[in-house]
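Per Swiss-Prot, the features are as follows:
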- Cys150: active site, nucleophile (ACT_SITE)
- Arg11, Ile12, Asp33, Arg78, Asn314: NAD(+) binding site (BINDING)
- Ser149, Cys150, Thr151, Thr180, Thr209, Gly210, Arg232: D-glyceraldehyde 3-phosphate binding site (BINDING)
- His177: site 'Activates thiol group during catalysis' (SITE)
Amino acid sequence: MVKVGINGFGRIGRIVLRNALQFQDIEVVAVNDPFIDLEYMAYMFKYDSVHGRFKGTVEVKNGSFVVDGRPMKVFAERDPAAIPWGSVGADYVVESTGVFTTIDKASAHLKGGAKKVVISAPSADAPMYVCGVNLDKYNPKDTIISNASCTTNCLATLAKVIHDNFGIVEGLMTTVHATTATQKTVDGPSHKDWRGGRGVGNNIIPSSTGAAKAVGKVIPSLNGKLTGLSMRVPTQDVSVVDLVVRLEKPASYEQIKEVMRKAAEGEYKGIIAYTDEDVVSTDFISDNNSCVFDAKAGIQLSPNFVKLIAWYDNEWGYSRRVCNLLQYVAKEDAKAGI
């Protein structure tokens, strides 16, 4: 049993918990969030505008947050070092505030008794892992690791399959990305990113993303070969990667589709899915996969130049991978006697 604490009960924190409840070998024993009280925490978990009402029971009992009869201790500490994870047996912490994303900052959780921290965001210095891509490189001695970003999880899995089969010379990625909590409902100040301060409801907003470059960290042979940008659009959830690549080996689009279909049915099942139906973004709300290859949406200019399209639920699918990463590292840590 993997005993987990969640720091930060925002979009990812809550959806990680929803996913964790579906796994028999994960037990969330505590949640820390200094900005919401216990009653409001229960309300926010029970009702969700995107993923719907939670189908189980949600209660507040004796100072605990109780979901489906499972009690979780609730803390309200601003300083991660002050959270007593050890008192509730939380060996693993999901750091989902979006604030403590470096090794130095996330290490504060270890002072409270946690043994390992999984950052649910890209990190400037912590090792990043993408399920289906580079878990074999995991070192149990690392106490702080990152699950990378939702976009990197989609792009890296797609790029790995294509690169392994045809070779990628170079590529450009655009993610058409749903709104996130850091954006503004109406125009407001955003000193580092002026366009990012514009209202989300009536704009398509160009933005930077490190997702493509991060692929080079999890797939070293692609380092320096991919870059990209983001277009923030006024939808609540589900994003789509548009990857344009130049291939080393010439291939027909039918060959590419077949490779992706086999990947989805075989080694990457549960991480990559394949569709040849006339789908749109809402069809992928609460989808468990990191990457859903859209066979009908891609196009090809020549045997070495192709545009590939892949969908991902940037909330749900990503949170699912956080849980899968927890499962994997717990097993590897146990083997290593950690």
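Here the Cβ of each residue, glycine as well, is placed from N, Cα and C on the backbone.
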Query raised in the report: DSSP on Ile12 (NAD(+) binding site), three-state: which is it?
Result: helix
Query raised in the report: Measuring Cα to Cα, how many angstrom lie between Arg232 (D-glyceraldehyde 3-phosphate binding site) and Cys150 (active site, nucleophile)?
Result: 14
Query - Same-chain residues at least 6 apart in sequence whose Cβ lies under 8 Å from the residue listed as 'active site, nucleophile' - result: Ser239, Tyr312, Asn314, Glu315, Gly317, Tyr318
**Report entry** All-chain count of other Cβ atoms within 10 Å of Asn314 (NAD(+) binding site)
**Finding:** 25
Query - Listed binding-site residues Ile12, Asp33, Arg78, Thr151, filtered to Cα within 10 Å of His177 (site 'Activates thiol group during catalysis') - result: Thr151
Query raised in the report: How big is the gap, in Å, between the Cα of Asp33 (NAD(+) binding site) and that of Ser149 (D-glyceraldehyde 3-phosphate binding site), rounded to a whole number?
Result: 22
Query raised in the report: Cβ distance under 8 Å to Thr180 (D-glyceraldehyde 3-phosphate binding site), same chain, sequence separation 6 or more: which residues?
Result: Arg11, Arg232, Asn314
Query - Span of Arg11, Ile12, Asp33, Arg78, Asn314 around NAD(+) - largest C-alpha separation, Å - result: 26
Report task. Calculate the distance in Å between the alpha carbons (Cα) of Thr151 (D-glyceraldehyde 3-phosphate binding site) and Ile12 (NAD(+) binding site), and round it to a whole number. Result -> 14
Query raised in the report: Could you give the Cα-Cα distance between Ser149 (D-glyceraldehyde 3-phosphate binding site) and Arg78 (NAD(+) binding site), in whole Å?
Result: 24
